[in-house]
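Peer 1: The structure's right below; bear with me while I get my questions together.
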């Protein structure tokens, strides 16, 4: 090699690696976090209304618990903007800032953090099933440095709502996409819950949006109402589903609030802001040394906001009990 | 912190070396990269979670990448589809292949053994495992490329990239050379994907988005900083370019600039590097 710049650079790099190796070997075991105020490192996977709301809820709750950013605590926030190649560097940065607790919002962010440390506590925000994401050994007893909040929809509350607003309708059809991993998991879970209260459950899988129209025609003859899990394919094709359901006067119970607005009848959904608040509570409790991740179960919401589409209820001729209307958020204005 | 970044630079450098073989030697903009990179990770992680040893799993990942390169090569040479389009077709098709392999869009390696764990017995401080494994593999890849390019076959490969008509008249089967190049290149890219997936602890079908930028960045930074070089020096320059690029990203993060807009920072860094040589030329009066 004759290029002097190249050799020079190479030499600097090698010397640096060797020197810091010797240094790191020395101080390796001595790493203590000595902050005057606690530091909370947050890694969010991407900006998107739902995830942003979680972060807002987290910051507000921490402030309520006595950890105000810039005063009684330091919140370091990193946003990966869906670029997975940067998540490792960002996790490293958060660790370097001597975070006392780390928060990962959405699965890839949580995985990046989990891969960097087995010591600093990590709280998960919005991961459907931490166990199948390989983040914890068991959702009930995590066992490591990770715990958090799941964004699974409150299935039981949803079914209770169905019982109240659709009395006597027991034949439930679940329409979902066979290409989405999260859907299969939800279908299994809701089927189990529904059978407990003697619902008849039939599931209908479609490979893509193109088959939904035909499938809905079949379903209209076989079921009393349609349940839609949190499923991107279904969310995208909501208009098709609503059109055919309406011609057949078939009520739709989606699992997400936005799908109620688009023509579903009603649901119980988790408010993303509440998800953030719950995450904030867990972080605060760890900071106050009241709990440890290893024996804090993953929090799964059992209830949420009731959302009713009044226009759709009128169209289907369904009378929603007053007791429900009072506590519910009403979408869609009645034509009457 | 800096050590970890250098380690990452080494692992990403392998990607740069893979891209170099098509982008610079053959003058191909091969977009298969954005598919073969996560494919290597997907196949490797799936194999590990099924109990295959990390080294073998990494090799299976490489093989998968070579098959992806073969597909692009066949579409391009036999199917007469333009190279950009061939690459895009294979890249988007691979999305389904990865879903089929992993059975989910994201697969974690937590509590599974990784190739870096092979060094556990050395009791290294954190992140040095990546440096050592990265170095060993870089030596193998750089050595492999140099040996290959110095064989008769490799010379024919270079000739194909330099002047296809001339190469053909010399009796070189240029189509075969192109397929071979795409296979080797995508195999190396998949190797990088497999290593990065193991270093970050998971595989994800969307991991390929934007990686071509990182690969090109290491090539371009290397060329900009070190100028005219022999083949061996060029390969080393790519490795250094990759380390420097990762360090630059680290600086941006450390400066506490709003990381929401990180992508424009990396675009600006790259654009500046691409423009810089022109100013140099004017100054030197060449």
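Glycine residues also receive a Cβ, built from the backbone N, Cα and C atoms like all the rest.
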Peer 1: Of B:103-130, B:131-158, which span is tagged transmembrane segment by TrEMBL?
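Peer 2: Based on what TrEMBL states, transmembrane segment spans B:131-158.
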Peer 1: Run the contact check on the transmembrane segment (B:55-76) against the transmembrane segment (B:83-102): 3 or more C-beta pairs under 8 Å, excluding pairs closer than 6 in sequence.
Peer 2: yes
Peer 1: Which bits of the chain, at least 6 residues beyond where the transmembrane segment (B:179-197) starts or stops, bring a Cβ under 8 A of a Cβ in it?
Peer 2: 8, 11-12, 14-15, 17-19, 21-22, 25-26, 28, 30, 32-33, 36-45, 57-58, 61-66, 68-70, 72-74, 76-77, 109, 115, 133-134, 137, 141, 148, 153, 157, 160-161, 203, 207-208, 215
Peer 1: Six or more residues out from either end of the transmembrane segment (B:235-255), which same-chain residues have a Cβ under 8 Å from its Cβ atoms?
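Peer 2: Result: 1-2, 5-6, 8-10, 12-13, 15-17, 20, 138, 142, 145-146, 214, 217-223, 225-226, 229, 262, 265-266, 269.
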Peer 1: Against which stretches of its own chain does the transmembrane segment (B:9-26) lie, if we need a Cβ under 8 Å and a gap of at least six residues from its ends?
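Peer 2: For the transmembrane segment (B:9-26), the far contacts come to 33, 37, 130-131, 134-135, 137-138, 141-142, 145, 149, 157-158, 160-161, 178, 181-182, 184-189, 191-193, 195-196, 199, 211-212, 214-219, 222, 234-235, 238-239, 241-247.
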